[in-house]
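Everything on this sheet refers to the single structure shown next.
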Amino acid sequence: MPATPRTQSQQAITGELGRDSDSATANERSPLLPTSTAHNGPNGPHRRKAKSMPALKPDPASGSSTPKDGRPAAGSGSGGTPQSRQEVALASLPARLERAASVAQKREEAERNRTQWQVLSVKARYYIPVLQWLPQYTLKKFVRDVVAALTMTSVIAPQAMSYATSLVHANPVSGLFGASVPAMIYSVLGTCRQLSVGPEAALSLLTGEIIARFIEEEEHAHGRMSEGDKARFVAGLITLITFQSGLVTFLLGFFRLGFLDAVLSRALLRGFMTAVAITIFVAQLIPILGIEAGLTAEYGASSTFEQKVGYLIRHCGDAHRLTLLISLAGLVVLVSMRILKKVVASKRGAWRAFKYIPQVLLVVVVSTTCSHIFRWERSGVAVLGHVSAGSVKVQVPLWGWEDGRKWATKCLSTSTLIAVLGFLDSIVAAKDMASKYDYPISPNRELCALGFANLCNSLCSGSLMGYGSITRSRLAASTGATTQMASLLTGTFVMLVTYFLLQFLSPLPKCILATIVCVVVFSILEEAPEDVMFFWRMSAWTDGALMLLTFFLSLFVSVEVGITVSVALSMVLCIKHSTAMRIKILGRVPGTASFEPLDEDETDDGLFASLGEEVPGVLIVRIRDVALTFANTGPMKERLRRLERYGHGRHHPAEDPRRAEASVIIFDLGDVNEVDASALVILLELVEAYSVRSVLVYWTQCHQKVLARLREAGVIEKSGGDRFVQPTVFAALEELQETVQNAGQSQVEEV
C-alpha cells in the first residue's frame, strides 16, 4: 500500500526520534531531564539573574576583604581555589544563617510594633523627600550647597532674563520668577538631588512663538495694541501656559505615567533639539547685529525661520557697528572661558578654582558698567531699560480675564507639548545625576514635583514655566551641590537679585542677553555631530531618517509641528514594537534532548543555511513575549503561517515555500507569564484552524497561571485534552513518537 503524505510524516518523526535512541541516556528520555530544562524550562539559565557583588570590608584577622554580610570574597581563603572558597563558605554558613534569621525576626517585631503615626511618617518621607535628607543635613553639606547656589545664581539669572527678553519677548522679571519659584518648590518635593529647575530655551521658544501668533491675531482683529496692553496680554498668556503645563505635568505624575520618558526616541529628540537650536541662533543674530526694529516693521510680531534668514541676508550690511562690536566681545569672552574651563577641568591645585569663575555674570556686570559709563544708549545700542519686580502680582490664573476661556482652549495644545518636552528634559537630567551619584529617583514623583512647582509658579503673574536642565544640573553637581538645599538657596538668591539688584541692570545691552542665549545654543549643537556619527556607524538608517524628518519639520514648518510629529512618530514606533510578537523556531541539538533557536548564516552564494536540526513535519515555536495581549497576538496567525511555509523571516513571501506544511505544532510557553482574554480568543481560533487541517497542537513549559487560563478558555480541550500538555518540548516529542507508533500499528492491523 503506497504511503500517504501523512504516513511519510509519521515515518520521518519516528526516524528522527529513533536516531539517537541508542545514544540518549535515561535522563534525556525523561520529561524532566536537566538538559532540556536548561534550555526550555522556566528556571533554565536564560531565566537566571546575576546577583550583585556585595560591598567589601576589611577582615581584621586576616587582612583580607570580606563582604559586609560575612561571606568570603572571591579569591579569599587558602590559595583562592574554588574548593577552598567553598570550604570557607560552608564553615561560615551557620553563622550567616543565624544572623539572617535574627535580622528577619527583628524586622518582623518592628513591623508588628509600628504605630499608625510611624507608618504615616515613613510614607511622608517617601512622598516629601525633604523630610528624608533634612534631618541628616550637616554644616559641611550646607557650605558646599551655598557655593553651588551662588555659582548657579550667576548663571541662571542672566539666562532667565535672556530667555524672557530674547525668546518670549516679555519682561525679564518673568524669567527671574521662573528661575526662583519652581526651584524653591521643587527642592521640597523633588527626588533628584542636583536637578536645576528653571526656564529652558526650547520651552521659551515655544512660548514665544505662540504668543507672537496670538498678538498678531489680536492686532489684526482689533487694531494695534499699546505697549501697556501688549505687556498685560503677554503676561496673561505666560501665566496661562505656565498653569496649564504645570497641571498637565502634575496629572501625568498622578496617573503614574512616568514611563513617557521612553516614548520619544533619541533620534527624534536630537532632530528636534538641533532644529530648535538653529532657530534660536538665527533669531538671536538679529539683536546681535542691532537690526531688530526693521524686522518687526517688515513682518510684524510673528515671523518664520525663512523670513528671518531672508531678512538677515538683505540687512546684514546695515548692522549697528557698536552693537556688533559689543556682541562679538561678549561672545569671545563667553566661548573662550567655556573652552578654558574644559581644558583645566582635569587639572589639580589652583587650577581647580578656575571652574568657579562666573563668566556669564562677569560679562553682564562689565557690559552693564561700560554701558552706564559710556552712555551706549545714546549711541543707538538697545538696552534693557527700567525694570521692576513690582509688575508681578500674586493672583489666581484666569481670574478676572474676560476672554480667559477662549485663550485657555487655544493654548492647551502648546501647554501639553511644553509639559511633555519639559518632563523629557528634566527626567534625562535627573537620571543622569542619579546614575552618576548612585541614588534612586522616581519619574512619577518627578512629574508631580515639577507639576506642583509650576502650579505654584503660575500664581505669580507672567512667570515663565520652570523645568530641569541637564547642563545646569551638571554645573550644580560639579560645583558641589549635594542636596536640593542648593536649589532652594538658588531660588532664594535669584529672588533677592530680582528685588534688590535688578534696578541696577537697566543699562545692560540687549545684545549681551542674545549672546548668552547663543552660548546655550552652542552647547546644544555640539552634541549633534556625535549622535549623527553614531547613527551612521551603526547603520541606523531608520533613526537617521526620523531625525532628519523631525529636523526639517521643526525648522521650516514650526517648532510646534516638529515636536508634535516627533511624539506621534515615537508613539507609532512604540506601538509597532509592542505589537511585534517575538517568535523563534526551535531545533534539536544533535545527540541531546536540548532545543535551541534555529539561527541562520548567510553562505558565500547568498543563500541561508540552517545551523540546527529540525524534525520534518514538526514546527517547534518558542514565544518570547512575557505577556500575550491583544496587541501582540493579533498578527500571530499570519506570522505562524509564514514561519510554517518559509521558516525564518528573511525569506520573501513572493518566493516558493521552503518547508512542507507542518503536521504538528509544539508551542514552548516557558517565557510567557500572562495571557489576557483577547489573546485567549486568538489562541482558541488558532487551535480550531489547525484542527480543521488535522494538525496536532502541543503546549509545553506552561506556567500554572497560564495553563489555568488556557484550560478555562477551552484551548486545551480544543487541542485534544491534557495529553497535549507536556512539561518539556522533548517530552512532547516522546509522546508524539508513541502516538505515531501506535497509529502505525493500528494501520498495519487494519491492512
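Cβ atoms here come from the backbone N, Cα and C positions, even for glycine.
Unlike curated entries, TrEMBL annotations are predicted automatically.
Look at TrEMBL and you will find 1-13 (among others) tagged as compositional bias 'Polar residues'.
The feature compositional bias 'Polar residues' is assigned by TrEMBL to 23-40 (among others).
For 628-736, the entry in TrEMBL reads domain 'STAS'.
If you look up TrEMBL, you'll see 1-87 marked as region 'Disordered'.
Same-chain residues lying 6+ beyond the ends of the transmembrane segment (233-255) with a Cβ under 8 Å from its Cβ atoms: 168-171, 174, 178, 207, 210-211, 214-215, 218, 225, 391, 397-398, 401, 404, 407-408, 411-412, 414-416, 418-420, 422-423, 443-458, 460-465. The transmembrane segment annotation in TrEMBL covers 233-255 (among others).
Feature annotation from TrEMBL assigns transmembrane segment to 267-289 (among others).
According to TrEMBL, the feature transmembrane segment maps to 322-341 (among others). Remote same-chain partners of the transmembrane segment (322-341), defined as residues 6 or more beyond its termini with a Cβ less than 8 Å from a stretch Cβ, comprise 287-290, 354-355, 357, 359-360, 362-363, 367, 376, 379-382, 509, 511-512, 514-516, 518-519, 522.
As annotated by TrEMBL, transmembrane segment applies to 482-501 (among others).
Same-chain residues lying 6 or more positions outside the transmembrane segment (508-525) and placing a CB less than 8 Å from one of its CB atoms are 158-159, 161-163, 165-167, 201, 273-274, 276-278, 280-281, 284, 287-288, 290, 323-324, 326-327, 330-331, 334-335, 338, 360, 363-364, 367-368, 371, 376, 381-384, 471. Residues annotated as transmembrane segment in TrEMBL: 508-525 (among others).
For the transmembrane segment (545-575), same-chain residues at least 6 beyond its ends with a Cβ under 8 Å from one of its own Cβ atoms are 202, 205-206, 209-210, 262-265, 267-272, 274-276, 278-279, 304-306, 413-414, 417, 420-421, 531-532, 535, 631. TrEMBL lists 545-575 (among others) with the feature transmembrane segment.
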Sequence-distant contacts of the transmembrane segment (482-501), meaning Cβ under 8 Å and at least 6 residues beyond its ends, amount to 129-130, 133, 137, 141-142, 144-146, 148-150, 152-153, 156-157, 160, 173, 176-177, 179-184, 186-188, 190, 192-197, 389, 476
